[in-house]
Amino acid sequence: MAAHLEKKPTEERNRKSTQNGTRTSQVQWGRAWEVDWFSLASILFLLMFAPLIVYYFIMSCDQYQCSLIDPVIDLLTGNKYLSDIWNKTPTLTYRAAGIYTLWVAFQVVLYVCIPDFCHKFLPGYVGGVQEGAVTPAGVVNKYEINGLQAWIVTHVLWFANAYYFHCFSPTIIFDNWIPLLWCANILGYAVSTFAMIKGYFFPTNAKDCKFTGNFFYDYMMGIEFNPRIGKWFDFKLFFNGRPGIVAWTLINLSYAAKQQELYGQVTNSMILVNVLQGIYVLDFFWNEAWYLKTIDICHDHFGWYLGWGDCVWLPYLYTLQGLYLVYHPVQLGTANAIGILMLGLIGYYIFRMTNHQKDLFRRTNGNCKIWGKKPEYIECSYMSVDGTKYHSKLMTSGFWGWARHFNYTGDLMGSLAYCLTCGFDHILPYFYIVYMTILLTHRCIRDEHRCFSKYGKDWKRYTSAVPYRLIPGIF
């Protein structure tokens, strides 16, 4: 969206309670003010079972060779009790605690203390100090974009150690995987709890806080919109991008090293996982400034959903394919490997080009060419909590004319490619495509509900012009 400001007098702001036939965005922008029973039930389910789901998947690989069914059979038939499984689970160790503490501290230093230099010599890369989107209270935060730099520095040190210094084994992550899980949980719960306390007693911006009065919802979805410590440490940007996503490629490299240690070779399926997921991670950091305009930063508050999710859910469940391939190495046929690679690359191309079209359209305020011609769009308007009126353009051409969330379609193609590298002997590695389908479909619905609340009748005009969400002609 390309947007510009138009200040409204206080008297007019007070008079105006509706916009485009719906309530103003000052009521609807961001997470909910009130909690319905279905939302509360969903929140309680996730709070209770999401940690158990992560543990179950990792335990299944550690004790049952990645079978999701065998643990259930053992419990139902009485061959094992829950205590038997738990007693075989590695516990938290001082070594894992030290590794994890050093890891997070190192990423904090890279994030806060070292200004970005990559934008000075990498053509086309946008780094350094950048402005985020306007918040519901009308605030525009500034961010130090240096994720690519942090990723490069981290991986240079990783390979330097692997080939020259030998201070630790490249398999260190895999070897301490479950003890590190307990460390990640401790950080996830600690930062989520701190964020809630901070929202109540010393918020960064009180006008950007939302309280429902329901403890569980506020804990899960967050109170503060942009909690910060000092000028630059932004909780959302740090935990969304560091330490989980920087670690993603290191985790896969550790899996590959373990495969080499156990079997004397790294299979082409493991190489594909490292390459395809590595492209996704590098794309994230190359476009970190663009990420400031996404739903995670622009509309989600910071609570357990992001805090714990980024610390535990992302690094442990997004890397299941590599973990599976350590226990079940798969050597793909040439045709299958090429087919999976092409599916992943085409999915990435759609994902990136769709987002590029939107970013180009936004940056030029529609004065650009999409597929060789001037883009088509619908004019919209909305109002922030401080009464500032904004005007936006919603593009209806290019990939955005095919479907309202065609970038998600490309994302799902890439997700499927990751899973296909593992063959079809077990369902565990396919959790990722199932989860991403549910997540992105839910995000489509959630985003469109927010947009309808924000734009009202203008949004109806847009959905009439672009009737499909993900798959043209189907959905």
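Cβ from N, Cα, C; glycine included.
Among the features that TrEMBL reports, compositional bias 'Basic and acidic residues' is placed at 1-15.
What TrEMBL records for 1-23 is region 'Disordered'.
Residues annotated as transmembrane segment in TrEMBL: 37-58 (among others).
Under 8 Å from some Cβ of the transmembrane segment (148-165) lie the Cβ atoms of residues 106-107, 110-111, 114, 116-118, 122, 125, 127, 242, 246, 249-250, 253, 257, 281-282, 285-286, 288, all in the same chain and six or more residues away from its ends. Among the features that TrEMBL reports, transmembrane segment is placed at 148-165 (among others).
If you look up TrEMBL, you'll see 177-197 (among others) marked as transmembrane segment. Under 8 Å from some Cβ of the transmembrane segment (177-197) lie the Cβ atoms of residues 51, 54-55, 58-59, 62, 89-93, 95-97, 99-101, 104, 218-219, 222-224, 227, 235, 239, 302-304, 307-312, 315-316, 323, all in the same chain and six or more residues away from its ends.
Counting same-chain residues at least six beyond the ends of the transmembrane segment (302-320), those with a Cβ under 8 angstroms from any Cβ of the stretch are 46-47, 50-51, 53-54, 57-58, 181, 184-185, 187-189, 191-192, 195-196, 218-227, 235-236, 239-240, 243-245, 247-248, 251-252, 255, 277, 296, 428-429, 431-432, 435. If you look up TrEMBL, you'll see 302-320 (among others) marked as transmembrane segment.
Annotated transmembrane segment per TrEMBL: 332-351 (among others), in sequence order.
Look at TrEMBL and you will find 415-440 (among others) tagged as transmembrane segment. Within its own chain, the transmembrane segment (415-440) has Cβ neighbours under 8 Å at 57, 60-61, 66-68, 269-270, 272-273, 276-277, 317-318, 320-321, 324-325, 328, 330, 332, 340-341, 343-344, 347, 405, 408, 470, counting only residues six or more beyond its boundaries.
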The transmembrane segment (37-58): which same-chain residues, six or more beyond its ends, come within Cβ distance under 8 Å?
68, 71, 89, 177-178, 181, 185, 214, 216-217, 219-221, 304-305, 308, 312-313, 316-317, 320, 323, 428, 431
